[in-house]
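K.L.:
Annotations for this protein, taken from TrEMBL, read as follows:
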type: DOMAIN; residues: 76-238; note: domain 'Alpha/beta hydrolase fold-3'
type: ACT_SITE; residues: Ser158; note: active site
type: DOMAIN; residues: 287-351; note: domain 'Alpha/beta hydrolase fold-3'
type: ACT_SITE; residues: Asp318; note: active site
type: ACT_SITE; residues: His348; note: active site
Amino acid sequence: MLTNSFFRTLSHLADLCESVGLKDYMDVMYVITLLEKIVPVSDEHVKVTEENFDGVEVVLYEPKQQGEDADLRRAVIYLHGGGWCLGSSRMSPYDLLARKIVTDLDAVVLSVEYRLAPAHHFPVPYEDVYRVVKHFFQKGVLAQYSVDPERVAVSGDSAGGNLAAAVSQQLQKEPGQQIKLRAQALLYPVLQALDLKTPSYQQNQDMPILPRTLMVRFWSEYFTSNKALFRAMMANAHNSPESSRLLKFVNWSDFLPETYHKEYNYSAPAVAQGLGGEAIGMDGSSQSFTDPRASPLLVPDADLHSLPKAYILTCEYDVLRDDGIMYATRLEAAGVEVTHQHYDTGFHGALMFTVWPTDFLIARRMTDNYIKWLKENL
């Protein structure tokens, strides 16, 4: 309740600042990131270095050296959440999670400091992540950090889960790509921008941490600084004839188990003229929100079957619940090995609450189950 009160107060302040022209909404909301930001340092168990991989900042966590004869290690490429607009690999919750993965798995963790919207719209955050992965996958780089090329996973929460899913899809299309991901672990991921009135968006529209209005704003800011897209997305009237042809891939009446339908009945989003499936930026550039690099759920079934095994975590009290469940359903139907863990009492961002002095039991359970899966599957 205290956290929610702070978030809502900050959001109202951000709205006010933007409406009177003092500061953009996301500039004010970035305070959330600054409050948790730290300087990652080495400790007795973990060596921490800050590197630059192909022009992108990364924080690298390694187990303390065990000698030259040590076995090759697992590696987890971790992508932080924050709606592509907030968050940092240098925030305390991500730092602690990385250290736990390192010590529990004897693994290398690569945490990516990708550039953020609205200063850098899609596809810049995605491209930053993809460049880091390609750089890390060079045999010489893997050898430098004693990483087994057959035991690398990509993982992320929320918007980071979106980026992890998109990177997993793109890597399989890369011609001549010799090193493959062993696994993808997606924690309450955001996966589609076409239907923003799924049952979970409706049920949890006023839920703490991530209300529907904030998630829609994240989506619109990811693409453009033009507020017309935000207004259209809020009304779920942003689809064009072009994007409406892809609604079959996010039809929750087909891909969501009956128990999650609740009292809601499926109604296809309205089709508007004029948007053309594109978000127009203030600089005149445009990006399509039908691009699977932004909405990984929009790929056809044929593009799913060769993806690496997946771990998908979803929470009942989360507007993104149905995105994750639909992706799990589609991956399983395509023959991908999927572990879907749903938390009936979970809420968006719960995993990050392990840093609080009084640990939430749900946060501890999520973390333990997630790391257990990585240990067994990586």
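Yeah, the Cβs are placed from backbone N, Cα and C, and that goes for glycine too.
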K.L.:
Between the Cα atoms of His348 (active site) and Asp318 (active site), find the distance and write it as a whole number of Å.
P.N.:
5
K.L.:
Hey, how far is Asp318 (active site) from Ser158 (active site), Cα to Cα, in Å?
P.N.:
10
K.L.:
Could you count the residues of the domain 'Alpha/beta hydrolase fold-3' (287-351) that DSSP puts in helix, in strand and in coil?
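P.N.:
The breakdown for the domain 'Alpha/beta hydrolase fold-3' (287-351) reads 21 helix, 21 strand, 23 coil.
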K.L.:
Across the whole of the domain 'Alpha/beta hydrolase fold-3' (287-351), what does the mean pLDDT come to? Round it, please.
P.N.:
95
K.L.:
Near Ser158 (active site), how many other Cβ atoms are within 10 Å of its Cβ?
P.N.:
29
